[in-house]
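What follows is a set of notes on a single structure, which appears directly below.
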Amino acid sequence: LLAEAAAQTASEEAKKRAAEADEERKRTAAVQEQAKRDAQAAQEQAKKLQEAADDEKRKAIAAQDAANVSKKKAEEDVKVANDAKEEAERKLKEGIQPVVTPTPEEVRAAKRKVQYREDLFHFAVAGVAGGGKSSLINAFRGLRNKDIGSAATGVTETTLAMARYASPSAEYPYVWYDVPGAGTLKIPDWQYFNAQGLYVFDCIIVLFDNRFTMTDIAILTNCRRFKIPTYIVRSKADQHIRNIMKDMGYDSDDDESEDQKKKLYQDARQQFIQQTRQSVKDNLENANMPDQRVYIVSNEPMLGVVKEKRPRKVIDEIELLNDLIGEAQTRR
């Protein structure tokens, strides 16, 4: 009995120890599993932290890149602005003026000012003061300077505000505008075109007397921008030819034959025409503009042509009148 009891006790002890060992293994396995999970969690956390750090680094790099791009663009913008400023200053020094485009409201206001009508053709006669604009307009309208309804004329500039003159004949639905001469207004030459609202006219006659000026070039340049047809006209040809004749030795008191006077006149006339055409050609070339015909006229012959007479001393009066009428008929 003692042996059986001892054996049973030993067996129970062995079972107990086995159970304890099994329990220890389970605890060890649990600890190991927890350690594994903790290690995995720590690894995942470290990975997340690394990813966050990498993301912050990428953001920092992107922000730096963006800052560099913004800085570069700002530097480029400053350079462009400085270059534009320098270019504008250079052009101003060289006489090349800035381009100013009128707004739609300015165009409408200019049309209201000149009483623009769609059923009429609007000619503007522009140029420097004292060039004979008023007298030429009178001739175009078939009027002498002293006739009722004629444009005021004088030795000095008589037009300080734009004047509007309709053609007397209903056959020609034209309106002529006597534009104040540059030099009478306190505006630079390059602002003359916009200041006078010349961009609303259907055709512009650039009239000059003695010399072609920067104002004339500015008008022609802007007309090209606005696709407005232009006609370059030199006025007072008869006076200039007489002056050349005097330079050649002509004296009205001398007893010269008619043949001699005619020859002297023809020589002076030819010289004046050649000098005028060459002068305009040179001025246009110097301004980098295409060559353009210059019409050489005098008021008396022009008036005679308009009245359908046959004036003797014509130069370009007939061609000018025909071309202007053709322009109006084509554009209307």
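Backbone N, Cα and C define each Cβ position, glycine as well.
Annotated compositional bias 'Low complexity' per TrEMBL: 1-11, in sequence order. For 12-27, 34-59, 72-93, the entry in TrEMBL reads compositional bias 'Basic and acidic residues'. Sequence annotations record features per position, and here TrEMBL assigns domain 'IRG-type G' to 119-317. If you look up TrEMBL, you'll see 1-93 marked as region 'Disordered'.
Secondary structure of the compositional bias 'Basic and acidic residues' (12-27) per DSSP, as helix, strand and coil residue counts: 16 helix, 0 strand, 0 coil. Here the compositional bias 'Low complexity' (1-11) has, by DSSP, the following mix of helix, strand and coil residues: 10 helix, 0 strand, 1 coil. Looking only at the domain 'IRG-type G' (119-317), the predicted model's pLDDT averages out at 86. Across the compositional bias 'Basic and acidic residues' (34-59), DSSP classifies residues as 26 helix, 0 strand, 0 coil.
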